[in-house]
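Visitor: Heads up, here are the entries from Swiss-Prot:
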type	residues	note
ACT_SITE	Glu267	active site, proton acceptor
BINDING	His221, Asp233, Glu293	Zn(2+) 1 binding site
BINDING	Asp233, Glu268, His365	Zn(2+) 2 binding site
COMPBIAS	622-633	compositional bias 'Basic and acidic residues'
COMPBIAS	655-664	compositional bias 'Acidic residues'
SITE	Tyr364	site 'Transition state stabilizer'
TOPO_DOM	1-11	topological domain 'Cytoplasmic'
TOPO_DOM	33-438	topological domain 'Vacuolar'
TOPO_DOM	460-495	topological domain 'Cytoplasmic'
TOPO_DOM	517-526	topological domain 'Vacuolar'
TOPO_DOM	548-557	topological domain 'Cytoplasmic'
TOPO_DOM	579-585	topological domain 'Vacuolar'
TOPO_DOM	607-740	topological domain 'Cytoplasmic'
TOPO_DOM	762-773	topological domain 'Vacuolar'
TOPO_DOM	795-801	topological domain 'Cytoplasmic'
TOPO_DOM	823-1049	topological domain 'Vacuolar'
TRANSMEM	12-32	transmembrane segment
TRANSMEM	439-459	transmembrane segment
TRANSMEM	496-516	transmembrane segment
TRANSMEM	527-547	transmembrane segment
TRANSMEM	558-578	transmembrane segment
TRANSMEM	586-606	transmembrane segment
TRANSMEM	741-761	transmembrane segment
TRANSMEM	774-794	transmembrane segment
TRANSMEM	802-822	transmembrane segment
Amino acid sequence: MKCYNPSAFVPMAVTLVTVIIYLGVFIPLLIIQETVPSAPDDPTLYNGLNLTEAWLDLQSLSDGYHPFNSRKNDDVRNWLLKRIGEILDHNQIQYSTETESATISETQIKSDFDAEAPESVPSPSNSNDGSAERYHEDLRARKESPAVTVFNDLRSNYSSNALTSIGVKGRKLGISTYFEGNNIICYVRGSDDEEGEWWKTGSVNSKGKVHGKGGVMVNAHFDSVSTGFGATDDGVGVVTALQLIRYFTTPQNVPQKGFVALFNNGEEDGLYGAKAFLSHPMARFVHTFLNLEGAGAGGRATLFRSTDSEVTRAYAHAKHPFGTVVSSDGFSLGYVRSETDYVVFRAEGYRGLDVAFWQPRSQYHTDQDDAKHTSIDSLWHMLSASVATTRSLTKDTGNTFLGPRGDDKVGKVSNGKGSDGVWFDIFGTVFAVFKLRTLFAWSLTLLIAAPLMLFAVSYLLNRQDKFYFFAGSIKAKGPEDEPISLGGWRGAFRYPITLIITCAITFGCASLINKINPMIVYSSPYSVWSMSASLFFSIFWFIMAGCNFVRPSALQRGYAFMWLFVFGWIILVAATVYEDRFKISGGYLFVFYEAAIFLATLIAIGEQFALPKKSTYVENSQLDHDGNQDSHHQAVMGTDGANGADEANASNEAGQEEDPEDNVNDLAVPHETTPLIGGGAPTQRSSISTTFANRYRQVVPESYDGPADHHDKKGHKKHPYGGEQDWSAKLPIWTWLVQYLLVGPFILIVVGQVGLFLVAALHQTGTDGSPLLLPYLVVAVFSILLLLPVTPFIHRLTHHMPTFFFLVFIGTLIYNLVAFPFSPNNRYKAYFQQTVDLDTGLNKVTIVGIEQYIREIIAYIPSAAGQTINCEENPRIRSGLSFCSYEGIAPRVVDNVVDGIPPEKGYTDWLTYNVTRVPNENKATFHISGLETRACILRFDDPFSEFKVHGGAKTEERWDDVPDSGSDQIKLWSRDWNKEWKVDVEWAVGEDMKPGEEGRTGRVVCLWSDANERGVIPALDEARRFSPDWTSVVKLMDGLVEGSKRFVV
């Protein structure tokens, strides 16, 4: 049985190494992608944390829908205040509560000074050195400066506008907003913080004074959407913040820098809670932050974004870090259209992190965002990372987050100068963090030094006459000798041609799936992965192996690396430009990729130092040719083989080792069946001399053994593989393995993690109106990137692998073309809203999504039966989707109608308004009041220029109420129910018009979002009940129900 050298470049070894590398990388990657690290068995393993308590809190928090505009939201808020108090009581912490402008000190531990006094402190009666007086002064200071202050914030408001909305293209008019916040802020005093109520000094907007070393804030919003229970969006974040309060109020964990837990309300409707916080005095204290969010419904919590590398190093302390800077680049480049509170704090100048759940998106904002569909492991993953991050930030008492800002922006927090960073995890265990300018230096060095080094090595090879790449034919020294081909151009262009053809076919297949069954990736991303990767692999092998079979070349691997280097260099140029100009860090993939390819290419070129000089090879080839000619002449003239036998014997006596087969061929006596040319093996030199060859004979060097008679160290003959160039027999047989290890494992880990991350984030975004082709293109690109490392070696793989992958391609292609894309585990999201004209009593239910599936869903709804379903696009609200409407069951959001009477009879009372025009001016005053709501909107058909809410807080200078282009909406959010709004509105004077000559028209709208009680919004109940099990119904706009009346002024 023949044994193969495991390091030899032969099919069996290459196939085995390929299988080991790819399985060894992708099995762990898939496990990490689809699983979450287990929570500890002991729920109190970490001092100050209680995982069981956190899980019970999550179940309590997510037992109902609690959007801002719901009564349940008030219940959750009251529950949070109660839970904070219970945690502080449990830890025996002295704390105070501040509500509005009044301060209510509530000492929660025993106030008996003597009971608190340690035994080592002398009592006042027996001490004459003043220590007792100092002791009581300390106690009084501690009583005046409690360890914790809870702010029941009922006064922070926000007033501003937004020029764009999520999913809106080309919108130029603003949406003005007035929001009254009701956040909860818990401040845990740090050991380095100032004593007393320092937040009451100075003006609210003052940024000049720094208290202590600056504070560390954790933010989570406690409101949910109206169609989701908010377990991960953002219940896990809320209970994590509660546990952090518990942790930092444990005596062993008192922070050095102050810790702030912000429970903000109103994030889902426009990040309003975070914006309102900025007008609170505690906002002056925060320097760094950790924002906790949920854009999925479980799994691992990933590091979405970070402001700089310094603050990211705090997250690196997490036991199971997870994330890549590529996700941050997605926001920076505008590919991700949704936002979190992170963007508010970053704009304020804070330095911090955005950690969020990100999959599965099919459960995001649905009724499956509950405790049942998440896990205690996911909770622990976010909680443990948050503890590690905040603990590191609160211990950093140096100048990292202090001092003048790097951007010199006036009015921002003076929290030092941060540097753009690059970060990524490896197998969810190791977290790499470095500065973007370091990556830029690597990129620039690689762009300049790598080509120079390759040219230098090539030059040295050429000087030594050993550079076989691009070598053609060389003429021997004899005047009548024919040129001898080196075969250096063989296989030079097959790699780029194959790559172009294979990539085109792969992208074409992605377009085919997008054309026929575009949503299959929604539920079957791994089927799409398998199809794309198996297609690329099998086609690439077929072309390259076929070329190698027809025209073998020992340079094929080297040329492949050269072309990869050229392509990678071009891509790296673009990545370097983005690093420098746009601060995009995701190019680290290509830096690592190109560095590995460069080293592999260097080996491919450098291994030619082991080859003979080209001139020597040509000379030996000519001698071999002459020797064969001598043998031919002897055979023709009938010369016996005595002389040849004598030479063979002499050779054996000198210790030369010969192959037995060669002896047989050399000693055979020619006869009429002997071939006319080449009496011996084609690769062996004949030892038979000829009588008539003396005039043509050249001097034979002592070292000459023929062009193919190369020997290893043991004296065994080495032959070129599979008909490749004769000189290739002297190439090292092990260098391919080093090259594979360079371009294989680490590159596959880094690229594979990013590819899996991006596809998991994108494959269920089609229902949001995102481009349907995008996830298929991402899969195709990363399939190619992940398989490029094997392509230089692919012609040496056995046929078994491409055969298997071709069968995989056929099976997955058929499945992807014909399978239904949704299931109960991967439900299609249909967006719901009901609008009611309170003047006429007409109501309309609108279901939004991809028209093909929306019509199928509506067909299941009884009240829509027999109606003509009208579908149209509305890019002002959500682009890329169809809005299909029908007349639905009347809502009962206001309980003012007796059973048996049509609810339309009570519509008039749901919303009342009065508008008064100011004479001779383009001004009007609106009085608006809605029942069972705290959210109303003024929508204008034409823009206005200014507005003012009576009784509202002073407008923050950081925001404009109305943009220069004007606004056409005013959103009004109140912290109180059934509030009457008084709003002054002014609009610009038109051309050739005088003040007072122009009016305005529009609608007064109020919103209702509470769907906790069945029957309040029966159209929504009906849609949920009768829609197919592969569908979920989620909210479209701020209100599930909009009631409106027309106004003319």
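FYI, residue positions are counted from 1 along the chain as it appears here.
Placed from the backbone N, Cα and C atoms, the Cβ positions cover glycine too.
Keep in mind that this is a model prediction, so the values were computed, not measured.
Show me how these features fit into the shown structure, please.
Guide: Under DSSP, Glu267 (active site, proton acceptor) is assigned to coil, being neither helix nor strand in the three-state scheme.
Following the DSSP three-state reduction, the secondary structure of Glu293 (Zn(2+) 1 binding site) is strand. The Cβ of Glu293 (Zn(2+) 1 binding site) lies under 8 Å from the Cβ of Ala220, Asp233, Asp234, Gly237, Phe304, Thr340, Asp341, Tyr342, Asp354, Val355, Ala356, Phe357, each on the same chain and at least six residues away in sequence.
Of all Cβ atoms in the shown protein chains, 24 besides its own fall within 10 Å of the Cβ of His365 (Zn(2+) 2 binding site).
Taking the Cβ of Tyr364 (site 'Transition state stabilizer') as reference, residues of its chain lying under 8 Å away and at least six apart in sequence are, in sequence order, Gly228, Asp233, Gly294, Ala295, Gly296, Ala297.
DSSP labels the residues of the topological domain 'Cytoplasmic' (460-495) in these numbers: 6 helix, 6 strand, 24 coil.
Across the range of the topological domain 'Vacuolar' (517-526), the DSSP-based residue counts are 6 helix, 0 strand, 4 coil.
For the topological domain 'Cytoplasmic' (548-557), same-chain residues at least 6 beyond its ends with a Cβ under 8 Å from one of its own Cβ atoms are 9, 468-469, 487-488, 490-492, 494-495, 604, 720-725, 728, 731, 736, 739, 792-793, 795.
Helix, strand and coil content of the topological domain 'Vacuolar' (579-585), in residues and according to DSSP, is 3 helix, 0 strand, 4 coil.
When pLDDT is averaged over the topological domain 'Vacuolar' (762-773), the result is 95.
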Visitor: Could you check which of these recorded positions, Glu267, Glu268, His365, sit within 10 Å of His221 (Zn(2+) 1 binding site), going Cα to Cα?
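Guide: Close recorded positions: Glu267, Glu268.
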Visitor: Using a 10 Å radius around its CB, how many other CB atoms surround Asp233 (Zn(2+) 1 binding site)?
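Guide: Other Cβ atoms within 10 Å of Asp233 (Zn(2+) 1 binding site): 27.
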Visitor: Within 10 Å of each Cβ, count the other Cβ atoms and name the one among the recorded positions Glu267, Glu268 with the highest count.
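Guide: Comparing the recorded positions Glu267, Glu268, the most crowded Cβ belongs to Glu267.
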Visitor: So if I exclude everything within five residues of the ends of the transmembrane segment (527-547), which remaining residues of that chain have a CB under 8 angstroms from its CBs? That is, six or more out.
Guide: 491, 494-495, 498-499, 501-503, 505-506, 509-510, 513, 520-521, 556, 759, 763, 775-776, 779-780, 783-784, 786-787, 790-791, 794-795, 797, 799, 801-803, 805-806, 808-809, 812-813, 815-816, 819
Visitor: With DSSP as the reference, give the number of residues of the topological domain 'Cytoplasmic' (795-801) in helix, strand and coil.
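Guide: When I sort the residues of the topological domain 'Cytoplasmic' (795-801) into the three classes, I find 4 helix, 0 strand, 3 coil.
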Visitor: Going by DSSP, how much of the topological domain 'Cytoplasmic' (548-557) is helix, how much is strand and how much is coil, in residues?
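Guide: DSSP composition of the topological domain 'Cytoplasmic' (548-557): 5 helix, 0 strand, 5 coil.
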Visitor: Do the transmembrane segment (774-794) and the transmembrane segment (439-459) come together with 3 or more C-beta pairs under 8 Å, pairs six or more apart in sequence?
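Guide: In this chain the transmembrane segment (774-794) does not contact the transmembrane segment (439-459) - fewer than 3 Cβ pairs sit under 8 Å.
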Visitor: Could you give the number of helix, strand and coil residues in the topological domain 'Vacuolar' (762-773) as assigned by DSSP?
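Guide: The counts are 4 helix, 0 strand, 8 coil.
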Visitor: In terms of Cβ proximity under 8 Å, which residues at least six beyond the ends of the topological domain 'Cytoplasmic' (795-801) contact it?
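Guide: Contacts with the topological domain 'Cytoplasmic' (795-801): 9-12, 14-15, 18-19, 537, 541, 544-545, 547-548, 556.
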Visitor: Apart from His221, Asp233, Glu293, which residues in this chain have a Cβ no more than 8 Å from the mean position of the Cβ atoms of those residues at the Zn(2+) 1 site?
Guide: Ala220, Gly230, Thr232, Asp234, Gly237, Glu267, Glu268, Leu292, Gly294, Ala295, Thr340, Asp341, Ala356
